[in-house]
Amino acid sequence: MNRSRAIVQRGRVLPPPAPLDTTNLAGRRTLQGRAKMASVPVYCLCRLPYDVTRFMIECDMCQDWFHGSCVGVEEEKAADIDLYHCPNCEVLHGPSIMKKRRGSSKGHDTHKGKPVKTGSPTFVRELRSRTFDSSDEVILKPTGNQLTVEFLEENSFSVPILVLKKDGLGMTLPSPSFTVRDVEHYVGSDKEIDVIDVTRQADCKMKLGDFVKYYYSGKREKVLNVISLEFSDTRLSNLVETPKIVRKLSWVENLWPEECVFERPNVQKYCLMSVRDSYTDFHIDFGGTSVWYHVLKGEKIFYLIRPTNANLTLFECWSSSSNQNEMFFGDQVDKCYKCSVKQGQTLFIPTGWIHAVLTPVDCLAFGGNFLHSLNIEMQLKAYEIEKRLSTADLFRFPNFETICWYVGKHILDIFRGLRENRRHPASYLVHGGKALNLAFRAWTRKEALPDHEDEIPETVRTVQLIKDLAREIRLVEDIFQQNVGKTSNIFGLQRIFPAGSIPLTRPAHSTSVSMSRLSLPSKNGSKKKGLKPKELFKKAERKGKESSALGPAGQLSYNLMDTYSHQALKTGSFQKAKFNITGACLNDSDDDSPDLDLDGNESPLALLMSNGSTKRVKSLSKSRRTKIAKKVDKARLMAEQVMEDEFDLDSDDELQIDERLGKEKATLIIRPKFPRKLPRAKPCSDPNRVREPGEVEFDIEEDYTTDEDMVEGVEGKLGNGSGAGGILDLLKASRQVGGPDYAALTEAPASPSTQEAIQGMLCMANLQSSSSSPATSSLQAWWTGGQDRSSGSSSSGLGTVSNSPASQRTPGKRPIKRPAYWRTESEEEEENASLDEQDSLGACFKDAEYIYPSLESDDDDPALKSRPKKKKNSDDAPWSPKARVTPTLPKQDRPVREGTRVASIETGLAAAAAKLAQQELQKAQKKKYIKKKPLLKEVEQPRPQDSNLSLTVPAPTVAATPQLVTSSSPLPPPEPKQEALSGSLADHEYTARPNAFGMAQANRSTTPMAPGVFLTQRRPSVGSQSNQAGQGKRPKKGLATAKQRLGRILKIHRNGKLLL
């Protein structure tokens, strides 16, 4: 409710009066007055119209309204009047009747069955006598010089901060001899101020001069408290300067534009004048603002409650209850901390903390409120609570939504600037940006826009701002996910051991290591459980390389993961090391960590605690260390699975059996795929660079690593010098692929996937000029067949457990080496063929999985035709526009999906096949060469195992293949018999037909048929020409090959369409 409009009648607050009917007034009014009031309603003895800023009281006799200043009634005393009589009615009915008290306030409050009212003398006495949890458990006590933006960023400004001396805070204050009369002098005695009646917990208006008289009066009938005297626009503002940290963080100080049409919020400077026993009930500062208090004289006691979700819900229910002044909110929560702020001390209360204030002695203090970016989400949450509680505008942050729009625009600029400069925003800024964007969406919804559009600045384009901010947040979060596990706590600002030389003041019972600059001890340090070994190892792993040396007295920090895992895996034994263990880990170590058996023969290690005492930790025995090493290795491997939920797995190929556990149970490790060329975080290379608020001290670098390199940091040390797939290797590969001029480029090379795409586009653009040299063509043929070697070897190696260095290098990627007497003939042939292929590669680069041939490779190398035919299963071979159509070998075990056959295509193929069979029979009878007829008959007869198939497509010229090969190359060694024509119709439906003139095609991968691309290719064949010369008869044009004849029979148009 607006206090300036409050009107009191018999102690009750009433709305402004309605215009009076002047015809019913008493005869004390003159005719002149009646005529004047007929047009404009007037009141009181002064006959003035209604003034919203002046206090008025109603007469119970004549029902007229009078100004308190005109009839001599003060607003704070009006509540004690039972029946008020105006000066005119006083003559007829006597003086006003005051309320009758049934006894003293003490007896009234302590009456049986009557609850104690908040703010009453009894309430204050009971509050003084109660005990609360000490605030030393939660508050921080840095010096003024330590309280910087970096300090708050590291600790997120989530707990109160008490600075014992104002030195280093950078604020200006009057001398301790400054009094309330001096405040009146600088502000003015006529300044109207809001005053709280503590006993009634009600607000009233007073002039500052009247309050000063009350303050210095010998007898105070009431307890009045002034907590909302904002003096930014007075002369007192020149004597008070807010702390430097507040000026750096405040939104109003830094982001409110000078030319804004909205009124600038003035909430930075307040003067608090409180008499003894003043009490302010529990509240959250308006708009979720943080607040600073400096006690110039006297003392104040703060009762602090942490803003957890449960406590905020209880607070909202308590604030909306009808008997709020009969319940002490501190009794409803689990923890309520008591913090006493004495003269000369400064307290900073963070966003959302619920607090009440008691003044034990007369006190003069200064303070102020400010919004900041360290906890935007909590500020918005507090603002929503205010709206749900229907808090009056007078007690809310002025133009809160307006400043939020300006801040959203500012955060967007920060994100863009940092991204362009390859620098990272801090995590609190990202969370704040997300919370702001959600609030913007809620405020601009169609149904809610009328209530919020008045506070939207004209210079802000709301829709575009929401869209751009969401995009930047999405980009930043992608970078965050890519850097999880790669760097040690880059984006989270909570550090285990913040760097600093000056220790903070903390309770004596805290047992944190003296190196730590910040600790949040529990209420009872002896009851705090120590960390278990696994938790300690996880913390040490997250800490990474941030830990530094503790001191010269033999206190060294050490990376526990390096000590346990690396030494155990390399040598099997442990070196002596000193560990950085917090005091919490040492408390009750015998009870909470029974697994850590100590050997009394080992040399102890002394640790100096923050309280000056020493503790000795005995080294672990050799057998115990071996067990712990296994546990640590397991924990480290399981920690890699944290990334599982952050990324989408493309295929089952990412599932590998980790072989490092030996005889232990094999753990299924998920290797997440990371996109290439994403920004990575690296330590800032410029030590002189000034870090901006909201930025992390790390740069962004372009990453050119492959998927294997993303996990190389975890398993790289386990192998013996395995460097396959590293950055240097990939850069070399890029140079091999790019050609001789590629090294002259100034830009960084593209990733292998990009190079493969470039190769495909170049091949499509240079179809006629790609068959240049035999050497390059052999490389291309090897590339086509090499894919299936790697896939076959990976499938053969999957599921094997080996402790050899080779298997540790790339688990699941190498084939199993068998003794000579175990190998079959086909395996020996494959091994010999692979050796020949590797020899033919020459200087072409290759790594553990891939080969990177040059762009001039071709498939027409005659050297490849001399190699033995063997079955290839490279389904993932890259498409090449130069590749010939290769026969698809039957896959007996391949499941056929139901509903995938096209009836029209099947019917057409069946009819065409039948017609083809008849034509071939007729041609065979008319041919002069009798030698070919037995072969044709053999082909025409269906094989026994294919009798159950619906259709068999014969190709009569395939039988001539052995003879054609003999003319160009020697006979290959014998191998298992392959049948190019067997298989169901599903094997030939969507794939190319077998070719009788390409013997080397058996070494290639299966290529899917693409109408218009493969079937229309016409290439002259050396084998076909020799065959024609030997026969002495030249076939018709366009019918030289079986593919051409089949295309003619099936009526396949040259554009690749199948005409049925």
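Using N, Cα and C of the backbone, Cβ positions are placed for all residues, glycine too.
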Check the candidates S237, S519, S548, S722 against Swiss-Prot and report the one noted as phosphoserine.
S722
H283, D285 bind Fe cation in Swiss-Prot, but which of H355, H372 does that record place at the same site?
H355
Pick from S175, S880: which one does Swiss-Prot list as phosphoserine?
S880
Run through the zinc finger (41-92) and tell me, per DSSP, how many residues are helix, strand and coil.
16 helix, 11 strand, 25 coil
Whole-number Å distance separating the Cα atoms of S120 (phosphoserine) and S69 (phosphoserine) is 28
Model confidence over the zinc finger (41-92), averaged pLDDT:
87
Counting every protein chain shown, other Cβ atoms within 10 Å of the Cβ of S69 (phosphoserine) number 14
